[in-house]
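Working notes for the structure below.
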Amino acid sequence: MGRTLDRFDTASLASSVDPLSQAIAPPPDETAREKAEREAREANAKRVSDEIDEQLRTERAVAKKKRKPVKVLLLGQSESGKSTTLKNFQLTYAFKAWQEERASWRAVIQLNLVRSVNQILDILTAELNGSPTIIDQDDEDDEGAITYHHAHPSSFTEKHRLLKLRLTPLRRVQRDLEQRLGSATEEPCATNTPTVAAPFEPQEFYIRSTTGWKAALDKFKPRLSRDSKDSKDGGMTTAMREKLQREADEATQIIAGCREDMQSIWEDKAIREMLSRRKMMLENSGGFFLNDVDRIAVANYTPSDHDVLRARLRTMGVQEYRFTFEKGTESGHEWLMYDVGGTRTLRQAWAHHFDDMNAIIFLAPISCFDEKLAEDRRVNRLEDSFLLWKAVCGNKLLAKTQLILFLNKCDLLEKKLKAGVRVKDSVPSFADRANNASTVAKYFKQKFKDMSKQYSTEPRPFYCHLTSVIDTKATAITLGAVREGILREHLRDADFI
């Protein structure tokens with residue numbers, strides 16, 4: 001019986017030997033040299049295997065910790081400074097991309113300049129013809145009283161008629177530039193039809209990707225290829241780009257030829273008095289370059305960084321911009337910024353972009369306390385900003401979204417107050433406080449802070465910056481603080497801190 005068990009155990013042991021172990025076992029007759037070579041091969045194979053394992057572990061760790069793009073939405077009424085803020089981000093943190101795009105802004109700046117001149121010519125024509133024009137509309141009077149300005153043709157001489165005639169070619173230049181740049185050149189028109197102040201009524205919205213200044217500038221970017229007449233660059237043939245270049249050169253030559261006449265009409269005393277009578281403050285509007293005619297109206301004009309920041313091209317719909325940071329600790333990190341149209345007819349688009357935003361930068365121009373909306377002359381611009389801020393703070397979708405308030409255009413506020421404009425005439429609650437920039441800014445800041453506390457669905461910190469976004473150095477400092485705050489919240493939400 002014992003002998004049978006011994007035979008069974010021996011057979012079981014033989015059948016349990018691992019075939020793989022047998023295969024990799026060293027040969028029984030292996031020499032010392034062969035053993036050394038075999039061990040060297042095995043050590044090298046293990047080193048390669050360990051390197052692969054380490055690389056895989058590193059890639060898994062990077063993939064796990066890879067940060068999603070930071071998403072920032074810019075909100076505010078039309079001409080509040082949203083697009084300029086976006087340009088400042090690009091100038092500060094993605095300068096290489098900024099440089100590549102800068103030359104494309106020449107046509108926009110030329111259009112801004114020509115429009116200002118033609119606006120003066122329109123008023124001059126009305127004056128010479130003795131035609132009254134509407135300069136304001138007051139919603140406090142019965143049925144909205146309309147204020148007319150009566151012309152003073154006797155104020156002008158043959159010199160003004162000659163200037164008007166010599167500057168006529170700029171009409172065609174404006175039409176050509178507007179046609180080439182597309183619907184982003186359209187400006188809001190005043191209306192008597194009530195418009196919605198709050199931006200959050202649910203409506204279907206479609207983004208027209210061919211509009212807006214981002215798409216418009218693509219037409220003017222330098223060609224990358226000259227290989228053939230049919231080569232494509234950004235969806236445009238070489239022949240099409242050459243045609244656009246010829247038209248651009250022609251417009252530039254006409255503008256350069258009108259340089260002295262543009263200077264003369266802007267510096268003319270009678271013209272300045274005419275604009276003052278009609279309460280036309282062209283120098284306070286976006287895209288004003290008449291003080292730079294001598295530098296811009298030349299054949300070899302190249303936009304400066306400051307020119308691009310001041311250039312005005314209306315945002316249509318929603319424009320997405322991708323920034324890859326080029327320096328600092330955030331080098332290589334991607335940010336997505338959304339610039340949306342601010343006129344009342346475009347605000348229904350905003351709510352569709354609230355989801356998954358890391359932060360909202362809300363721009364409220366505080367210099368406009370005595371101005372009306374361009375699209376609705378019955379609505380005070382500052383009051384409109386208050387209504388928008390209230391709606392943003394009280395929106396449930398934004399309960400946990402970081403809100404950052406820019407009280408913008410502080411430079412224009414100071415200039416306006418020094419000119420003698422009194423805040424209490426437009427904002428009665430301001431009462432008899434000191435009519436200086438610091439007091440006014442502090443008052444408006446507190447108003448926005450109180451509204452944030454009152455209407456926010458959950459308690460939230462109040463972040464506010466006094467800004468003039470055409471001041472690149474000061475804005476760069478502000479954006480640094482904003483960037484750090486946004487990133488801190490972004491990392492906290494991702495459980496990195």
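Cβ coordinates are placed from backbone N, Cα and C, and glycine is handled just like the others.
These figures come from a predicted structure and were not determined experimentally.
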Among ranges 1-52, 53-104, whichever one TrEMBL labels region 'Disordered': 1-52
Other CB atoms within 10 A, centred on LEU313 (GTP binding site): 23
Those residues of the chain, 6+ apart, with a Cβ under 8 Å from that of ALA311 (GTP binding site): TRP105, VAL108, ILE109, ASN112, GLY287, PRO303
DSSP-assigned states of the compositional bias 'Basic and acidic residues' (30-52) in counts, ordered helix, strand, coil: 21 helix, 0 strand, 2 coil
Other CB atoms within 10 A, centred on LEU309 (GTP binding site): 21
Nonlocal neighbours by CB distance (under 8 Å) for ASP411 (GTP binding site), same chain, sequence gap 6 or more: SER367, SER468, ILE470, ASP471
LYS409 (GTP binding site) CB neighbourhood, other CB atoms within 10 A: 26
